[in-house]
Amino acid sequence: MSETKIKIKDLATELNIAPKEVLAAAKKLDIPAKNATSTLTTEEARKVRGQVQEASGDARRKDGASDVIIRRRRKGSGAKPAAREEAAPAETEAQASPAQPEAKAAAPAAEAEEAPAAKPAPAKARKAEARTEAPRARIIRPATPQAEEKAEPAPETAAPAQPAPEAQSAAPEKVEAHDAGAPVQQAETTESAPAEPAAEKAPAEKRRYEVSMEPEKDSVQADTEADGDADGGRKKKKKKKREETAGPQVRVISRPDPAAVQAQAAAAAQAREERAERPDRGPRPAGARPAGPRPGGPRQGDSRPGDGRPAPRSGAPRPGGARPAAGFGQPAQAENSSPFADGQSKKKRQKGRRTVEFGDKGAGGKKMREDVGGNWNRGKKGKRKPETKPVSTQPQRAAKRKIKVDEAIRVSDFAHQMGVKAPEIIKILMSLGIMATINQSLDIDTATVVAAEFGYEVEKVGFSEDEFLLPKEVDADELLLPRPPVVTIMGHVDHGKTSLLDAIRKSSVTTGEAGGITQHIGAYHVSTKRGDIVFLDTPGHEAFTAMRARGAQVTDLVILVVAADDGVMEQTREAISHAKAAGVPIVVAVNKIDKEGANRDRVMRELAEQDLVPEEWGGDTIFSYVSAKTREGLDDLLEMLALQAEVLELKANPDKPARGRIVEAKLDKGRGAVGTVLIQEGTLKHGDAFVCGVFSGRVRAMFNDQGKKAKQAGPSIPVEVQGFEGVPVAGEEFICVKDEKVARRIAEQRAIKQRERDLARESKVTLETFLARRKTDAETQTLNLVLKADVQGSVGAITDALRKMQTEKVKVDIIHSGAGAITESDILLASASDAIIIGFNVRPTAKVKDVAEQEKVEIRFYDIIYKLSEEIKSAMAGLLAPVVREQYLGQAEVRETFSVPKVGTVAGCHVADGKIIRNTKVRLLRDGVVIYTGRINSLKRFKDDVKEVAKGFECGMGLENYNDIKIGDIIEAFEEVEEAATLD
């Protein structure tokens, strides 16, 4: 506390009240104070003290006046007198009894009179005395002047002092009876400044005994009556009926055993010296003084002012030793300040005797007298009601209620978490324009808006797979070892990519390929004189764009194969774009230089237009001229690859769990789901658990590019892994985890999130979109397909190719697609949806064929993708209605008309152009306007029926059901021809 200002909480501690009461007093005085840390000036503090004293005085005058008797056992007087000499002036200064000065010399006689009066105490009182033999109870009141004014009227604040030496020479007392009807004088017994440091040394003791005395006033009264009735039966047990009387609010303080608190004397004395200069803060809690016992002796006078005291104060000295050192923030019950410190059991303590508990109340561990009471249960012995905590001066802000939501949440689950009914949430969604059902999923944005309507806050949580997946920290340089480069061969179809790889590997891959073209992405590990190289062979067909993109993503180098006789083609440009997008250096291999018509300069010029300038022309692109057929230039190409790989300094850490990419995946009939994995870092071993996309698994077996079993695979090594739970998507990341349980959990969470995203992403149907869809469906034909291929990459390539072919007139709907053989379920699905089954490099079993015949399902088989594309295109065109085209035949001019009975009007015509054919369609034109469209009923030349009449001849012509023919009309003959519709 500074010289000029004092904080609210410090002032509350000084006045032994809660900060909220100081704030209330300041508010009455119009003193601005917001919280307990606000400061007051000296003048403001003085006003607040006066206000608090006035309020506490009013409260004291309302207290009852029943007698309260607290007994203490007689103790030896061997305690030290130093403490009493120190505290006696302060304690006796506030003694309120006018008869106390006369009692100085009468201590022995007073004690002799008091002891017999105390003997006939009730049995329950004596049992409690036995339990609390060491502590002696005293009723003390706050020592500050403010507390004094609060406790009693002003005229009674002064009392003669009691000398310390006489009090020290008094004999120990057996029982001390306090007058409960004199609360004013009781509050003054320890009212002095020197007593204030002692009050701070045992706040824990004080807090415990401050709890609630008021509900026990009846027991106190009963004890008083028992003392007056009995003379000598101290061992006699007697239970008195409890009566509810209005007694004063008192605090009973028992002292601990002096032998148990000697160790705390030094610390307590030092603390008392430090706080000696601070203002008074209230009464001194009980406990041994640091320097010795209190002096005994009778009080000045035989009783306190009030209803009468049974006996004068006994002269038993307080035991010496330090007070229990308890600060403002220490626990309420110290080891030696407890009523049970003398070894008395809790069971005995509960038998009908009033017991006192410490309570942690008020600021700094202090409790106001107005708050004492109300926490004791008089119905059952030894049981106490839970104490109420002080209310904070500041209103507590309501905690935000939170709902934990993953990627999406169903309406029913959302309602359950918020504790509301689902229709209420649906009503809110309808007001937001969302027609939702109870099982519909809501994304996190919609859920946030809805939760705000109910006062909730949405917290995005969920399963975090990052903590399970291995961290991608940067490996130390000493752990990195050189790895083989991954080289992807790209280029246009039929430019010799696979043939070049065969020449390098000295194998014959092309001989086993359908149509001589590559339709799968292949990974090959090749050992050369310059070191190991891993080649990825990608398809060049336009349908395999995704495969080429995957190859460029996982590679270190790209060999762009360009035929010397063809030059740069469409897929060549696409491959260049993929390589540039992946940031991969390109090495150009000009193939077929042995063929006639090879033009190297043309290739260089066309590549320069694509920003691939050769080194010969001042660029930085490496060109190599090779012939896969004659093996010319292969050594130079490998030399260039080794040089480029050395520049890149390719390294990886093999001593860690493996990570890689799925290059290709398929469903093998005997082995299940199999994926070709290119390891990028770490080492993949047999038995490792892994997760890949929404699938998990364990490595059951590994095969290298030559089909041989492998036990492990290091960085840049391609292996075929067996053990997937499902066919993974090509291009997915392959990650090893610590065990299969973690892998399965990650895969399940990914699958759940994927499904929730798909459900939440579904577009809502409006009237406009519904009508537009119906109109489109009526005009559009749909070709339903069930697609099965040998590998997952082919499925993706065919799907992309078919979707590119669909037009506004014909849509392609791939109902189901997958890698693996055609099964019975595929047949049944196609039958139910009127679909055609497309098999790419797969064949059905005999049983499946029989099912297809029974269900009348058509199955088409292909092994070359461009043949598949052509036939699907023809099938799509076949769904369209044929196009009807009108073909002009000729014209005839009407020169004369004849009326023939039973026939009608016959026109005599001259064929001016073309020819007129019988039974063809005609138009009758009059002044250029079409008057009639119909057919020729009869055609004659003279009297003979003819099939046709050529140009320049005359004929007679009758029209079907039309007779209004006039001279000068023009008859135009035409026919309708049906043509097959096209998708263009």
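For all residues, glycine too, the Cβ spot is worked out from N, Cα and C.
Per Swiss-Prot, the listed range annotated as region 'G2' is 516-520 (candidates: 516-520, 656-660, 816-820, 901-905). Your range for region 'G1', going by Swiss-Prot and the list 491-498, 803-810, is 491-498. Secondary structure at ASP494 (GTP binding site), as computed by DSSP, is coil. Neighbour counts of Cβ atoms within 10 Å were taken for the binding-site residues GLY491, ASP494, LYS497, ILE593; the minimum is at ASP494. Under DSSP, THR538 (GTP binding site) is assigned to coil, being neither helix nor strand in the three-state scheme.
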